[in-house]
Amino acid sequence: MSHGEEKEPGIPQKVDSIDEIFVGCKSWVLKDGQDRLAEILSINSRRDPPKFYVHYEDFNKRLDEWITADRLQIDKEVIFPRPKELEEKKDSKKKKQQQNKSATPQAASATPDGGDVMDLDNLNVQGIPNEDISREDEIKKLRTSGSMTQNQNEVARVRNLNKVIMGKYEIEPWYFSPYPIELTDEDVVYIDDFSLQYFGSKKQYERYRKKCTLRHPPGNEIYRDDYVSFFEIDGRKQRTWCRNLCLLSKLFLDHKTLYYDVDPFLFYCMTRRDELGHHIVGYFSKEKESADAYNVACILTLPQYQRMGYGRLLIEFSYELSKKEGKVGSPEKPLSDLGLLSYRAYWADTLIKLLVEHGQEITIDEVSSISSMTTTDILHTAKALEILRFYRGQHVLYLNSDVMKRYKKLKNNKRRSIDPQKLIWTPPVFTASQLRFAW
């Protein structure tokens, strides 16, 4: 569906009982003392009374939940989906219209060298394509990527685990993750803090914990300060551990869809140390060979450690690796909503600090070289900060009073940061056979 089109509304009807409601209907649901419209995504009739899995209209998917029947407001009209025959006719009509549209030749660009001109008003840092992609086209375009979004229909919409216990933390998952189906009937799933192995019962977990000797991610420790450590793990060498990490992260990342083939990736895990060992706080993955110059494929801070500044450390560390490699980089798009906010804040603070402390004229390319940020990300950030001006026939960066105030705040902020001197790392080099996917 294109952005300009509205989805056809359903058919509102009164119902006499809960039994008339099925998957695809929209009903009013009592949430936090208010009635909210929600779509029924799944019904669990194995339980008595049955439970309904709902998605609230205009709310993020992470708020989807299982509810009991008493929260459904059946005294109000229920919106039923339109009959399938009507939908199919409408879809075929749309397809014909799209085919006719694509057959119409497009007007030539008014700019002769359009490839060298950057449209500053339409910089798309989120990287989400605007056109619709059919299932067949999507499969053709599919590549082994850590965070590629697939069509909504291809991603399971029902969260399948209710609760996860990881170390001393009890966590409620946000999204579906393809754990073994036998775990989905368990009220609680136990995940080992070090090996990330999963268990359906506490007894199984405790027996495993007595035997397992792993106390840190199974890779090389490449960074350590008095606060955090970073480990580099090769997906090809540690497949089981990396797959477990991807399954865990899928619980909290909506558009992470490829989790099985970890061979083409390196994983950089941030940990906190205590007397028991290194506990994973967050991670980012990175393609061993990225054709698009991405320096991050997936990035996640586990929910129990969010809002503590760890996400920013992960982002900063990814750029420190890019500096060591002598490359510019950018995260793979699209970013999650939380990821985009974190990156925008990091880009803005980095750009402001660099411009103020440099103290003299500097080009965008020089800013890119020093920070390892791409010119697109720099321009997008400058535009968001409203410091990009057109002066005497060229674009210049103008430091206004708001930027100077933000810089003073940055200077007074005692935020933790990565110490480049403590990064003991040489960029890995891979042969063609090492980069080959192991199918």
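Positions of Cβ are set from backbone N, Cα and C atoms, glycine also.
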Given that Swiss-Prot assigns ALA297, CYS298, ILE299, LEU300, THR301, GLN306, ARG307, MET308, GLY309, TYR310, GLY311, ARG312 to the acetyl-CoA site, pick the one from SER322, SER336 that the record assigns to that site as well.
SER336
From 163-188, 189-214, 241-266, 345-370, which range did Swiss-Prot mark with zinc finger?
189-214
CYS298 (site 'Important for catalytic activity') sits from GLY311 (acetyl-CoA binding site) (Cα to Cα, rounded, in Å) at a distance of 12
Far apart in sequence but close in space: which same-chain residues, 6 or more away, have a Cβ under 8 Å from THR301 (acetyl-CoA binding site)?
VAL281, GLY282, TYR310, GLY311, LEU314
Out of ALA297, CYS298, ARG307, GLY309, give those recorded positions positioned within 10 angstroms of GLU332 (active site, proton donor/acceptor), comparing C-alpha atoms, in sequence order.
ALA297, CYS298
GLY309, GLY311 as binding-site residues, winner by CB count within 10 A
GLY311
Which state, by DSSP, holds GLY309 (acetyl-CoA binding site): helix, strand or coil?
coil
Run through the Cβ atoms and count how many others sit within 10 Å of the one on GLU332 (active site, proton donor/acceptor).
22
